[in-house]
Amino acid sequence: MAVNVYSTSVTSDNLSRHDMLAWINESLQLNLTKIEQLCSGAAYCQFMDMLFPGSIALKKVKFQAKLEHEYIQNFKILQAGFKRMGVDKIIPVDKLVKGKFQDNFEFVQWFKKFFDANYDGKEYDPVAARQGQETAMAPSLVAPALNKPKKPLSSSSAAPQRPITTHRTTATPKAGPGVVRKNPGVGNGDDEAAELMQQVNVLKLTVEDLEKERDFYFGKLRNIELICQENEGENNPVLQRIVDILYATDEGFVIPDEGGPQEEQEEY
């Protein structure tokens, strides 16, 4: 039977998005580039097969799933495995299959803790177990779109912007600065244009992911700020310490005077 894990709080042990993808890809020998690709449920099914051999009907798992009803079927297989091994976790299938970053990132954070609590270190050949199948490309990778951030960030947004550098190595391996220069004597303008367009699309996806991650962490910081404001009259030293951390700035940082330029314009 499985060891249940109930903690869902954010701790220093939580992996970043980049580290989480690296762990999944290394453990299962996959090539996932986005947390959202976990919405198919296939990776979780194989992790369960790794932890508890025979708990999952792995042959029924659709690693090439591209449609929502296929994702749901995979999660049903996962739920059956959870029930068989006595795992109490309720899987939010309706949210996960929508492919939203926040929902999938929160669930995989829990699953990583569950995995660590149950993994015994035994050898496992993931490619042979799934008979060489690879996961399907996420639908959003086919027609990428560059979205602008939905909310302006205040001075407290400095903290959530720090994870920005974590995504640079998650681009698809096909794109690279040296791709266009391969076989210069043979290639033509159309091929080079196609390669450049592919690189642009990858960069757009990277920016989109970074904006989602920034907004995700900003939302958490904003919720913490609201809780502190609601209880600021209690003179709680812990709350005050949290507020100090929220509003702390890097050494030497100066908040710009937004009124300065307007006043100068009025004088002229």
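Using the three backbone atoms N, Cα and C, a Cβ is placed for every residue, glycine included.
The N-acetylalanine annotation in Swiss-Prot covers ALA2 and is backed by similarity to another entry. Other Cβ atoms within 10 Å of the Cβ of ALA2 (N-acetylalanine), summed over all protein chains shown, number 19.
What Swiss-Prot records for 14-116 is domain 'Calponin-homology (CH)'.
Annotation source Swiss-Prot lists N6-crotonyllysine at LYS66. Using a 10 Å Cβ-Cβ cutoff, LYS66 (N6-crotonyllysine) registers 13 neighbours. The secondary structure of LYS66 (N6-crotonyllysine), as reduced to three states from DSSP, is coil rather than helix or strand.
The region 'Interaction with MTUS2/TIP150' feature in Swiss-Prot is assigned to 124-268.
Mapped onto three states, the DSSP output places TYR124 (phosphotyrosine) in coil. Here TYR124 (phosphotyrosine) comes close to MET50: these same-chain residues lie at least six apart in sequence, with C-beta atoms under 8 angstroms from its C-beta. According to Swiss-Prot, the phosphotyrosine annotation covers TYR124, on the basis of similarity to another entry.
As annotated by Swiss-Prot, region 'Disordered' applies to 147-184.
As annotated by Swiss-Prot, compositional bias 'Low complexity' applies to 147-160.
The phosphoserine feature in Swiss-Prot is assigned to SER155; the stated evidence is similarity to another entry.
According to Swiss-Prot, the feature region 'Interaction with CDK5RAP2' maps to 185-268.
Residues or ranges marked as region 'Interaction with APC' in Swiss-Prot (evidence: similarity to another entry): 206-211. Along the region 'Interaction with APC' (206-211), the predicted structure has mean pLDDT 82.
Residues annotated as region 'DCTN1-binding' in Swiss-Prot: 208-268.
Sequence annotations record features per position, and here Swiss-Prot assigns region 'APC-binding' to 220-242. In terms of DSSP helix, strand and coil, the region 'APC-binding' (220-242) has 20 helix, 0 strand, 3 coil.
Positions annotated as region 'Interaction with SKA1' by Swiss-Prot, on the basis of similarity to another entry: 232-255.
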For the region 'Interaction with APC' (206-211), jot down how many residues DSSP puts in helix, in strand and in coil. 6 helix, 0 strand, 0 coil
In the three-state scheme derived from DSSP, which category covers ALA2 (N-acetylalanine)? coil
